[in-house]
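The structure appears right after this line, and notes come after that.
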């Protein structure tokens, strides 16, 4: 506990120093021109798209559509934490690395193989794509399930577990650990560098490295390390709602999930894990969501429990179908068609509660 307290104080001081030394200082009415690469997937609405750059919320017309990895130039007038009258001056979609090109090909395959909203659901769960129909996105938000459809820490955990358990059959532990770390890094890049994904990637990587060294790492230390590393690299995340919710939800899970799960022995196994996880997370995030948006769906834990069990199937079959489909399209599409029962269940639950 003493170590955690000292670590927290030191990290707080370092992060504060870096935040105030690197944060751009804008005044209301300033005309600014931003040149930047897009490191997180923009959110696409019916008539506009949203992204955040240098601490400013930016809304642009839907077309030309900006994608993760593009290099853009935007100008506008600062108005609080927004860039008003924002105009897209230039967009460079070239010079994307192989992983980003692979990501676009996967999304294209999902779109051509499945109808909406199923294709967006698979792309969101599998690689964190946020380009989905506005009506479907609103249903996700109103039911408190939007966090499920955009790739999250759960995806990283499932991937890491699958990789380490599979690779140890073919390689020694040392090689399996480093190959798993490489797999985590590749997935973080593919999924759009969102805060929850990076947080889970760092925590997972530290945990695997500790195992390799034959050491056990306290979960709270992992959480503090990952928060510190992220904020030292990108201090602006301290104001990012996704970053805040990710860490608060993780802390809530660590504090309450096991206790709640023990109290729910009467709930069927297929639903118990999802319900206890959702209830534990909501203890921390519900007040933040209500304070930010002025609303909170009290049925959210139940809705989450009803659909969380489908996520491993959607992710595994979606990823398998996508990768195979890029090599043998017909076989890939057949794998994706197996997903329909899970996709239909997911969307019907949303329709019922939205």
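Using N, Cα and C of the backbone, Cβ positions are placed for all residues, glycine too.
TrEMBL entries are annotated by machine, without manual review.
TrEMBL annotations:
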DOMAIN    130-350  domain 'ComEC/Rec2-related protein'
TRANSMEM  148-171  transmembrane segment
TRANSMEM  177-210  transmembrane segment
TRANSMEM  222-255  transmembrane segment
TRANSMEM  275-293  transmembrane segment
TRANSMEM  305-328  transmembrane segment
TRANSMEM  334-353  transmembrane segment
Long-range neighbours of the transmembrane segment (148-171), counting only residues six or more past its ends (CB under 8 A):
120-121, 124-128, 130, 132, 140, 177, 179-180, 183-184, 187-188, 191-192, 194, 196-197, 199-201, 203-204, 208, 246, 250, 304, 307-308, 311-312, 315-316
Mean pLDDT over the domain 'ComEC/Rec2-related protein' (130-350): what is the value?
81
